[in-house]
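For reference, TrEMBL has these:
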- A:45-64: transmembrane segment (TRANSMEM)
- A:84-106: transmembrane segment (TRANSMEM)
- A:139-165: transmembrane segment (TRANSMEM)
- A:204-423: domain 'ABC transmembrane type-1' (DOMAIN)
- A:208-230: transmembrane segment (TRANSMEM)
- A:242-263: transmembrane segment (TRANSMEM)
- A:289-318: transmembrane segment (TRANSMEM)
- A:339-359: transmembrane segment (TRANSMEM)
- A:404-422: transmembrane segment (TRANSMEM)
Amino acid sequence: MNIQNAPGQQTIPRGHQNHNPVVALLLSLVPGLGQLYNRRWIKGFAFLIIGLSLIIALTLPVIHGVAGLIDLGDTPEKDDSRSLLVQGILSVIIGVIFLGLYAINLSDAFKDAKKRQQGTRTPSVRQAFRDSWEHGFPYFVVVPNFIMMALIVIFPLLFMISLAFTNYNLYNSPPAHLLDWVGFANFKALFTEAVWSKSLLSVLSWTVVWTLVATTLQITLAFFLAVLINDNRVKFKRVIRTVLILPWAVPSFMTVLVFTAMFNDTFGAINRDIFSHFGLSIPWLSDPLWARIAIIGIQVWLGFPYVFTLITGVLQSISKDWYEAADVDGGSRWKKFRFITMPHVLYATAPLLIMQYSFNFNNFNLIFLFNKGGPPVSGQNSGATDILISWVYSLTFNENNYKMAAAISIIMGIVVAAFAFYQFRKTRSFREEDMY
Amino acid sequence: MKRSLKSALEVSGIYLIVLIMFAVILYPLVWAFSMSLNPGTSLFSLKLIPDNWSLEHYRWLFSDPRSDYTLWYKNTLIVAVSNGLASVCLVTILAYVFSRFRFVGRKNSIYTFLLLQMFPVLMGMVAIYLLLNTVNLLDTFTGLILVYVFGGLPMNVFLVKGYLDTIPRDLDESAKMDGAGYMTIFFRILMPLARPIIAVVALFTFMAPFFDFLTPRIIIRSPEKFTLALGLYNFINDKFANNFTIFAAGTILIAIPIATVFLLLQRFLISGLADGATKG
């Protein structure tokens, strides 16, 4: 819906002292009337028609949806709480957009009336059209895309948050049963019931270790290799770089499965081809510690090429002058690396490196495909290599324990988002937004 | 003399490290390739190049009536091409708006989306399933493509916007003086200059459907609509050891074209990512 100045308004003589903005505001409680009062006929009628049809079409469904969201149905078998939840959330989203449009309508009537009162010249058709294109262009582009993103990104998030406050699990699943709101009970269980708190603690600590170790190793290796290969004396740079980014170029879900086969305890190539020469057979998939080592190794293999590419690009863009100046001052190679290369690279790549950490924190594919989170650990309902996300997956799709999965998801989401937000704010791209 | 000896030692040290990396990188890839040539279904192969190697698995994929491989390939290409095209169109225009216009919510909205996306989507998949179900897009390519395009939008817009920010605004100001409209500036000035990062986005979005098996696993139901990742995964998920050799063959036929495109675009990747990151 477009709230720009409709073409068709010709010049109006100066100031209308007794034109009252408040009246315009009150009139536009019915969309369009305020605009008509402002003598903006086309806009007024457009608002009136669109506004009234939206109100007529949407009010009842939205109220109905919100009501369903509140009580989640009252007859088992007939009312499916999940659908009520979906409809309810969608209703809330539509309702919010709706109220936003309504507010725009009110403020538009008020502003136009004020202009008219002060006798600001109403723009000519040409001018009005230009203005609307000028000011409206970003909105024409952004608004539809944001609505779609809200559906694909925000809606699922809201749905998940809602589930965390219901009692939805295998034994209480719609349509045979109705869901109920249970407040913070799931979160409480997570921290107080032994099975849950023990699993949560072990999964959480492994997730943190995994994220930090795997990502840091992968960045360090990439940085090291990028600097080495950037050395002027190295030839065949193109060939070397091509081979080094191969692990990135090959679809990762396939390489992980290949690795799974290679690490197989009995017939895997790693044990047979390499460790058998030393008389060793390492239980890669069945021992928690070895499984964790293997999985970190695989992630480093998979993940370093991206960072390597990134850092190579930055290295090539560092001006030679810096190094020449350092040579004049007699700086050692380590000093040049420490005070020129490192700050440049980290400065430039910080946001993307942060995303690497958050990527690994949520690296479901690798954990799931490698060993499905196993080997199992007794006394808890999570496996040894389970990170939060893979644990959530098995809770959701294997055990249908939606309520707990949702509660855990929320906790991990808050952790990652808070960490990323803090880091984003520290990086300069965030601060510089308004500099031009 | 001493200095050049030291230098030579250093360079050979570098080459040694590079060689070790080559071995580590190529070993699994070569192993997978040798598996695909291994007749039968066994994972046991004592040599890297099997004695009686054959192309039977490749032949099976294309000619056996039980094999849906070509169908999956076609499906994946449809999804990948649509995702690539739609994403490039939407991402570039959004990035242009975010880079060049001031409007309400400009500063925070994209970061909000980026942060929201850090919440794990797995649970959201249940919601997306229900949502697509209500609008009848479950088990369709359209549904899958929509999820890919809009799910990837925030990150890609962020990348391209960072790149566009590095292009001096004077360029579009002077074009504006000469009477160029927004669309002219966008298509004639910014798009050609932003080619490296557009190549990166095109590549990433094109490849996503090849890599991802989770989203199609939830959205796609009927076997004739499987994508490669989903199809191949089901292949070995049932009886792992039995079908691994065929899986390896199927995998290699995907890996080769993708890796080729990837390596050809290497130059763009390096410059595009670095410049986008510098200003990000």
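The backbone N, Cα and C atoms fix where each Cβ goes, and this holds for glycine too.
When the stretches A:45-64, A:84-106, A:208-230, A:242-263, A:404-422 are ranked by Cβ pairs under 8 Å to the transmembrane segment (A:289-318), first place goes to A:208-230. Count of Cβ pairs under 8 Å against the transmembrane segment (A:208-230): among A:84-106, A:242-263, A:339-359, A:404-422, the largest is for A:339-359. Tertiary proximity for the transmembrane segment (A:339-359) is limited to same-chain residues at least six positions away from its ends with a CB under 8 Å from its CB atoms, namely 211-212, 215, 218-219, 223, 227, 303, 306-307, 310-311, 314-315, 317-318, 322-323, 326, 331, 416, 419-420, 423-424, 426-429. Under 8 Å from some Cβ of the transmembrane segment (A:404-422) lie the Cβ atoms of residues 157, 160-164, 169, 186-187, 189-190, 196, 200, 207, 354-355, 357-358, 361-362, 388-389, 391-392, 395-396, all in the same chain and six or more residues away from its ends. Using a Cβ-Cβ cut-off under 8 Å and counting only residues 6 or more beyond its ends in the same chain, the transmembrane segment (A:242-263) has close neighbours at 225, 229, 269-271, 284-285, 294, 298, 301-302, 304-306, 308-309, 365-366, 369-371.
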